[in-house]
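Participant: Shown below is the structure under consideration.
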Amino acid sequence: MRRALGTLGCCLALLLPLLPAARGVPHRHRRQPLGSGLGRHGAADTACKNRPLDLVFIIDSSRSVRPEEFEKVKIFLSKMIDTLDVGERTTRVAVMNYASTVKVEFPLRTYFDKASMKEAVSRIQPLSAGTMTGLAIQAAMDEVFTEEMGTRPANFNIPKVVIIVTDGRPQDQVENVAANARTAGIEIYAVGVGRADMQSLRIMASEPLDEHVFYVETYGVIEKLTSKFRETFCAANTCALGTHDCEQVCVSNDGSYLCDCYEGYTLNPDKRTCSAVDVCAPGRHECDQICVSNNGSYVCECFEGYTLNPDKKTCSAMDVCAPGRHDCAQVCRRNGGSYSCDCFEGFTLNPDKKTCSAVDVCAPGRHDCEQVCVRDDLFYTCDCYQGYVLNPDKKTCSRATTSSLVTDEEACKCEAIAALQDSVTSRLEALSTKLDEVSQKLQAYQDRQQVV
């Protein structure tokens, strides 16, 4: 894909001398020489700014790349990041690391500032072993260039770009995989270092090859390529020049521009003006139950009796009677998504519907005893008045009969008493007879004395 240059100053920046330590691809595919005046863009910077990209670096860390050389690659990545207009609405960057396996160091959605990206790059470790370049390109399509991983939708018209850095020959099939990637709209730049196979680089890269294939002799000068890529990604910045008609946000796009809106607004059909959106309108949010608008964005909440799940979208019914979730003094009874309080047996719920008080179990209406209620702590037993006995149901009473009041033991006692009483009576009668006889004899004696 041929790149339009923004201004005359930007064009002049391309025509710099060739570095002694680096050479271009073979003559029939030669690019403009790599410049020695790197980083000197002067006034061109004000009107020449890299256009928004979804940019993925795929770096070879196979066994042929020595540790000190891999550190040079990381320096190259950091310098590339410094030249980019990084941000959520501008250029997004991902880094993949490959050898015999592929590792996504960070996808497009992870970092939107240069400092965080460069810190993540500094922590990358080589994988060693083989050079599975085709596997890495396929992984970029399957695992990185997806909306879930931060790639912007097709209607945003943001270019998808891959920069592959390798020093060897691929050990797997790359031609078909690279062709599929290009067909999917991915622009591929191939950077060869040292022993890199030039034919493989040309097979991978997009057309025209003289704009998409780069070669340097050593990793020691790879960072010099940052200038070439900056020039490649440079576009006339209509947004910076202020010659656009966007109401809110202007986004540079491959020499042109697109209009966008602030968060909480949506672009109108005229593609220039914006209208505020109801982020909680049906179909605009992912909340399971309640959507709460929050400064152009939204947060999800749940109905009473439900709790928000870790995904911050869906809700689950909570156990409202779990410890710490209710204020019942004794018993919590779940009632749908709410609860009510109750009390243990022997207690009654107070008017506050939370606390409990002990009840008089023998108070009228609280027991089923027919005659006498006897309180026993929180419980009671029934009893009867004198002359009544408790029935087997332990509640009602029946009048006691005489026979039922005398036990066998008491009957024996009665017989013994009766016998004793008979014996005493008999003796008293005998004694009385004796006393009568003595009294008669005494009277007769007294009579005789009077006669004398």
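From the backbone N, Cα and C atoms, a Cβ is placed for every residue, glycine too.
Residues or ranges marked as signal peptide by Swiss-Prot on the basis of sequence analysis: 1-24. According to Swiss-Prot, the domain 'VWFA' annotation covers 54-229, on the basis of sequence analysis. Summarising the annotation, Swiss-Prot assigns domain 'EGF-like 1' to 235-275. The feature disulfide bond is assigned by Swiss-Prot to CYS239-CYS250, CYS246-CYS259, CYS261-CYS274, CYS280-CYS291, CYS287-CYS300, CYS302-CYS315, CYS321-CYS332, CYS328-CYS341, CYS343-CYS356, CYS362-CYS373, CYS369-CYS382, CYS384-CYS397. According to Swiss-Prot, the domain 'EGF-like 2' annotation covers 276-316. Swiss-Prot lists ASN295 with the feature N-linked glycosylation site, giving sequence analysis as the kind of evidence. Annotation comment: Swiss-Prot describes 317-357 as domain 'EGF-like 3'. What Swiss-Prot records for 358-398 is domain 'EGF-like 4'. What Swiss-Prot lists as coiled coil is 419-451, and the listing cites sequence analysis.
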Participant: Can you tell me which disulfide-bonded residues out of CYS250, CYS300, CYS302, CYS321, CYS382, CYS397 are within 10 A of CYS291 (disulfide bond) by Cα, answering none if there aren't any?
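Facilitator: The disulfide-bonded residues passing the 10 Å Cα test are CYS300, CYS302.
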Participant: Would you mind splitting the domain 'EGF-like 2' (276-316) into helix, strand and coil residue counts from DSSP?
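Facilitator: So the counts come to 0 helix, 16 strand, 25 coil.
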Participant: For the domain 'EGF-like 1' (235-275), provide the mean pLDDT of the predicted model.
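Facilitator: Mean pLDDT, the domain 'EGF-like 1' (235-275): 82.
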Participant: Which disulfide-bonded residues from the set CYS250, CYS280, CYS332, CYS369 come within 10 angstroms of CYS341 (disulfide bond), judged by C-alpha positions?
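Facilitator: Candidates kept after distance check: CYS332.
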Participant: What subset of the disulfide-bonded residues CYS239, CYS250, CYS259, CYS384, CYS397 lies within 10 angstroms of CYS321 (disulfide bond), using C-alpha positions?
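Facilitator: Close disulfide-bonded residues: none.
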Participant: Where's the emptiest Cβ shell within 10 Å among the disulfide-bonded residues CYS250, CYS287, CYS332, CYS362, CYS382?
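Facilitator: Among the disulfide-bonded residues CYS250, CYS287, CYS332, CYS362, CYS382, the lowest count of other Cβ atoms within 10 Å belongs to CYS362.
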Participant: Based on Cα coordinates, which of the following disulfide-bonded residues are within 10 Å of CYS373 (disulfide bond): CYS250, CYS259, CYS300, CYS302, CYS315?
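Facilitator: Checking Cα-Cα distances against CYS373 (disulfide bond), none of the disulfide-bonded residues falls within 10 Å.
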Participant: Using Cα coordinates, what distance in whole Å links CYS287 (disulfide bond) and CYS315 (disulfide bond)?
Facilitator: 9
Participant: What subset of the disulfide-bonded residues CYS328, CYS332, CYS369, CYS382 lies within 10 angstroms of CYS397 (disulfide bond) at the C-alpha level?
Facilitator: CYS369, CYS382
